[in-house]
Amino acid sequence: MTLDVVILAAGQGTRMRSAKPKVLHALAGKPLVSHVLDTAEQLGATRTHVVIGHGAEQVETELDGRDVRFALQAEQKGTGHAVAQTLDELGDGKVLILYGDVPLIRAETLTALLDEVDERRLGLLTVTLDDPGGYGRIVRDAEGRVTRIVEHKDASEAERGITECNTGIVAATGTQLKRWLPQLSAENAQGEYYLTDIFAMAAAEGIEVATASPASALEVEGVNNRSQMAALERAYQRDRAERLLTEGVALADPARFDVRGRLQCGHDVFIDVGCVFEGDVTLGDGVSVGPYTLIRDSHVAAGTVIEAHSIIEGAEVAEQAHIGPFARLRPGTRLARQSKVGNFVETKNAEVGEGSKINHLSYVGDASLGGGVNIGAGTITCNYDGANKHRTEIGDDVFVGSNTALVAPVALGAGATIGAGSTISRDVEAGALAVARTRQTTRAGWKRPRKSS
């Protein structure tokens, strides 16, 4: 049987007080609606439909390249009206209705719900809450069968005492929805077409309503304002931290730690406070990450030490390297075994050989360093001529003195030595000493000029 997933993402989200559509606000570094789309992909959806309205062009742009069909809800007239915009595109098989601002729903929960659905059964995800707040309530008969769902604003005092709540997540068939949605009425307190009214229609036809519940209420938490967004972010990060702790990762403080992508850790990894991991990050056995470090789309091999306040992006780091503090590794950086990039050093598109050291206050970009190289403080590879980038090639065991400018394209042969304060613009042969600076002049007894009174 086919599966259509419908994601409702047309709301304005006025309480977010933002020009950006609510579903595009980021949770763990990814738009809310993208989390839901990822879940739909895990379910193996035949077709995925995103109902858009407010900020439609922004949503379409953000989701460009994803396998989705867009349906426009020009006027927001309720959830039933939103789903109705997709009717012409739906198959007759199973249909799952999700929400673009409910990002943490799990595929396992939805699979259990979908397993309940056929032409004689409708599926509804419910959750029991101590404080139901503004949620719709599940009304059951004496035999425990669901007879209808009443929205909070339309509920009586007795109905508001019910703690089993509607999550809004519904599983039905396309045939059922095509029959029921055109019959919806807007005669209610909100003046909207409620999707939930289809449950009364199902009951009238003798169609059973099967219910399922999430493993945690966190799965069905929605976002309406910045406070809820922040709370959901922290809940999500707590969950990620607990998983890592269970896997044996040592976190200095699980409450001060963010994963905004995929993080894989080996044995005996230590992560200090305030660290952020974005994209696809791998930390090998025994890696230590110092406080307030950002690592994005990088692989860090076993035994590497990363000191505080370092930024590592798009880098490959081999075993037992040492990075930081206050180091910045930009995309294309590859550090070999036991190499070192120290404080206030920036690298970009650079290969640093085994045991080589760039200890402090340097920029090394578009460069290749062999093994055993020492780069003195204040060394700069001058790689850009205003139009094009050029490479610097440094052989094994080269020693570069402090405050040196290497004007690319330039090559330093193996074992070469560069005197401190030099500006090197021509190749240096292997084993040679190159010094390129003006001769010092000293005037004894020099008296500085004084201002006239």
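Here, residue 1 is simply the first one shown, and the rest follow in order.
Glycine is no exception: its Cβ is also placed from the backbone N, Cα and C atoms.
For His360, the entry in Swiss-Prot reads active site, proton acceptor. For His360 (active site, proton acceptor), the same-chain residues lying six or more positions away in sequence with a CB closer than 8 A to its CB are Gly342, Asn343, Phe344, Val345, Ala377. In the three-state DSSP assignment, the secondary structure recorded for His360 (active site, proton acceptor) is strand.
Look at Swiss-Prot and you will find 8-11, Lys22, Gln73, 78-79, 99-101, Gly136, Glu151, Asn166, Asn224, Arg330, Lys348, Tyr363, Asn374 tagged as UDP-N-acetyl-alpha-D-glucosamine binding site, backed by sequence analysis. Secondary structure from DSSP puts Gly11 (UDP-N-acetyl-alpha-D-glucosamine binding site) in coil. Less than 8 angstroms from the CB of Gly11 (UDP-N-acetyl-alpha-D-glucosamine binding site) sit Pro21, Lys22, Val23, Gly53, His54, Gln76, Asp101, each of them six or more residues away in the same chain.
The Mg(2+) binding site annotation in Swiss-Prot covers Asp101, Asn224. Just so you know, the Cβ of Asn224 (Mg(2+) binding site) picks up 15 other Cβ atoms within 10 Å once every protein chain is counted.
Ala377 (acetyl-CoA binding site) counts 18 other C-beta atoms within 10 Å of its own C-beta, drawing on all protein chains shown. Residues or ranges marked as acetyl-CoA binding site by Swiss-Prot on the basis of sequence analysis: Ala377, Asn383, Tyr384, Ser402, Ala420, Arg437.
If you look up Swiss-Prot, you'll see 1-226 marked as region 'Pyrophosphorylase'.
What Swiss-Prot records for 227-247 is region 'Linker'. Sequence-distant contacts of the region 'Linker' (227-247) (same chain, at least 6 residues past either end, Cβ-Cβ under 8 Å): 16, 25, 27-28, 103-104, 218, 221, 254-255, 257-259, 263, 265, 271.
If you take every residue in the region 'N-acetyltransferase' (248-453) and average the pLDDT, you get 98. Annotated region 'N-acetyltransferase' per Swiss-Prot: 248-453, in sequence order, evidence recorded as sequence analysis.
Here Leu8 (UDP-N-acetyl-alpha-D-glucosamine binding site) is compared against the binding-site residues Asn224, Tyr384, Ser402, and the shortest C-alpha distance is to Asn224. The binding-site residues shown are Gly100, Asn224, Arg330, Asn374; of these, the one with its CA atom nearest the CA of Tyr384 (acetyl-CoA binding site) is Arg330. In this structure, the binding-site residues Arg330, Arg437 were compared by how many other Cβ atoms lie within 10 Å of their Cβ, and the smallest count belongs to Arg437. Looking only at the binding-site residues Gly78, Gly100, Asn224, Arg330, the one with its C-alpha closest to Ala420 (acetyl-CoA binding site) is Arg330.
Break the region 'Linker' (227-247) down by DSSP state and the numbers are 20 helix, 0 strand, 1 coil.
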